[in-house]
Each structure stands twice: as C-alpha cells, then as structure tokens.
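As written in TrEMBL, here are the features:
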{"type": "DOMAIN", "residues": "10-316", "note": "domain 'Acyltransferase 3'"}
{"type": "TRANSMEM", "residues": "38-57", "note": "transmembrane segment"}
{"type": "TRANSMEM", "residues": "78-95", "note": "transmembrane segment"}
{"type": "TRANSMEM", "residues": "101-120", "note": "transmembrane segment"}
{"type": "TRANSMEM", "residues": "149-168", "note": "transmembrane segment"}
{"type": "TRANSMEM", "residues": "174-197", "note": "transmembrane segment"}
{"type": "TRANSMEM", "residues": "209-226", "note": "transmembrane segment"}
{"type": "TRANSMEM", "residues": "232-250", "note": "transmembrane segment"}
{"type": "TRANSMEM", "residues": "257-275", "note": "transmembrane segment"}
{"type": "TRANSMEM", "residues": "295-315", "note": "transmembrane segment"}
Amino acid sequence: MGRSRVFHVLDAIRGIAALIVTQRHLSLSLGLPNSGTFLAVDLFFVLSGFVIAHAYAERLLSGEPVWRFMAVRCIRLYPLYLVGIGTGFVATLILDGPDQLATATILALLMLPPLAYPALDGPRWSLFYEMVANFIYAIAIRWMNPRNLLWIMAGSAAILVAGLRVSGTLDTGWALVQVPVGMARVGYGFFAGVLLYRLYTGAAGKQALAAWAVIACAALALSAAFVPLKAAAMLAVVLIAFPAIVWAGARVDVSGVWTRLCALLGMASYAIYVLHEPVGRLTYAGFKSAGYDLAHSRLAGVAMIAALLALCWVLDRTYDKPVRRWLNERLRAQSTAKAQPDGAIPV
C-alpha cells in the first residue's frame, strides 16, 4: 500500500482526542468533569500504531536502520516537546519554586516519566511509552505477524485487567513506579493499531456521511470521559471501542473543504497535547500575579483553548515545520555520507 494515503478521518479523531486531554487539565476553568479523560491516551496509542505502521513498515522491512527510524521519531517529537518543557520549567519556577526542578528537568529532557510532581509538562509521560513502543516495533518488525501481535495484545490486556483490579482505574502509567501498567496500556493500544494496519486492505471511499458518523462515534466514545466509568466500561472502551473506531475511520474518507478541516485538527493535535498544560499553568501564573484568578472562569478556559489553537498554528508554520525540515535534511545528508564507500567521501 502506498504511503501517500492520508487518513483524514483519523486526523480528525486525533484532534478531538487532544482537545479531550486539554479539557482534563483545564477542567477547573471549563467547569466540566474529567473523571475519564485519561482514556484519550489509549486512543492515541491505537492511532499511533496504525499510522506508524502505515508510514514506516515498508521502509523498515526494506532495511532502514533502527537508529535512523528512532532519529526520525525524535525529530518529529522533540522540537515542540522542548517548547513544552521549557514553558513548564518557567511555570513551575514561578508557581512552586526551584525545589526538585533539576531532577524534573533531567527526566523531562530524557522523556522519562516523572518521579513525582513537578512534571514540567503533565501529559509528556505518554511520549515515553510511545518511544518505547516505536523501538520495539522497529527491532521486531519481522516478527510482527498477526498471531504475535495478538499475543502481545492478550498479555497487555491481562496486565490491564490485573492493574484495574488492584487500583480500580486505568489512569496510571504517568509516574516511574507505574511503568508496568503504562507499558500494558501502550502494548495493547499501539500493537492493536499495528494489527489493524496489517489487516487493512487499503480500500477507502469518500463517503462523507459515513466518515462523519465515525467521527461522531469517536466523540461519543470519548464523551465517556466526562462520566464516572466502572471497570468493565473502561475495559470495553479501551479494548474494543477504540480499535473499532480506528478500523472504521481508516475505511472512509472525506473530500473538499472537510479534508482541510481534518488536516487542521491533525496538525494541531500533537502541539495541543504537548503544550496545553504548561502554557495553561504559565498563563494562570501570569494572571494570578496580576491579581486575576482564572481557575474557575469558564470564559477563560474557552479563550485559552482558542488562543492555544492559534498558537499551535503559528508554531507549526514558523517553528516546528522549519526546524524538522532542517533536521531531516541533516539526517539525510549524514545517512548518504555513511552509505558512501570511504574513498568516495570528500576530504
């Protein structure tokens, strides 16, 4: 299957999930419950597995070195990530002082889950699991047949069930002591996405009504985040609903102006995810120092999301894309030089 296919519906779903996570960290302002918003992370993992397999499976199977794949992934994630933890550093220094800031910064730069508060950038913990899953996928891609993927998913699901019985929630993985269950969350979601791609035939029609029905189903499943969920409901959403939504979303498409809307949601999703919490804390800190408390202002929360969307668009155009383009060009030049015989390398 050609890698030129763009999954517009999946882009839209990713953007909606990012906004759900944003609501989680701005819930005091928006006045909405956030008891289950953590489930959006599990949807991200399924989406990521599908899209990574689509974008990189052919290249990895053709012999692309694992180090180069991981370098490409770092180039994709780190530019905006550094903005996020830099903003979080300033916000934490203002709000909480310098205690534990050095340790938090080192862990954040290495993309490791925090030991405890402060985390600098609250949602960043999931990126650690994303990178681990990417690495495992790259080194073991030749063994990633449907049967082995199902074994990974089954083992991960068993750990999720055990963790749920112990803690009563799947809202875990965000601290170093919770790594086993965090690995199970990404182990199920990411490799479910990879399996879905392995089974995907490439058939997709521009069925606008069906596409929006899938997006509506995704929004409905994510709306479960706003109500308290029992254990069985959490498992049903994570193990069944999210993979089904990704499968359906890959099989339909939109056209015309809707492709641009979906592309905008997809473009902004990562920036929103990695920036909203530190930018929100810094904004609250700034207004609080000026005598304004935004913590319970719904209008402030809505304005924050609108401003964040604008900021993400500006950063995408002026910072993220140019920096990633430059870094990818440097990586390609280095790879070309390494591929040349010693005698052909200019002195």
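Glycine too: its Cβ is placed from the backbone N, Cα and C atoms.
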For this session: Could you tell me what the rest of the chain brings near the transmembrane segment (101-120), counting residues at least six beyond its ends with Cβ under 8 Å?
Result: 77, 81, 84-85, 88-89, 92-93, 127-128, 131, 173-176, 178-179, 182, 278
Exercise. Mind checking which residues reach the transmembrane segment (257-275)? Cβ under 8 Å, same chain, six or more beyond either end.
Worked result: 6, 8-12, 14-19, 21-22, 44, 77, 80-81, 83-84, 87, 121, 123-124, 127, 208, 211, 308-309, 311-313, 315-316, 320
Problem set entry | Reported mean pLDDT - the domain 'Acyltransferase 3' (10-316) | 87
Problem set entry | Beyond the flanks of the transmembrane segment (38-57) by 6 or more, those residues with Cβ under 8 Å of it | 1, 3, 5, 7, 10, 13-14, 17-18, 20-21, 24, 64, 69, 123, 126, 129-130, 133-134, 137-138, 141, 170-171, 185-186, 188-198, 200, 218, 221-222, 224-225, 229, 234, 237-238, 242-243, 245-246, 250, 273
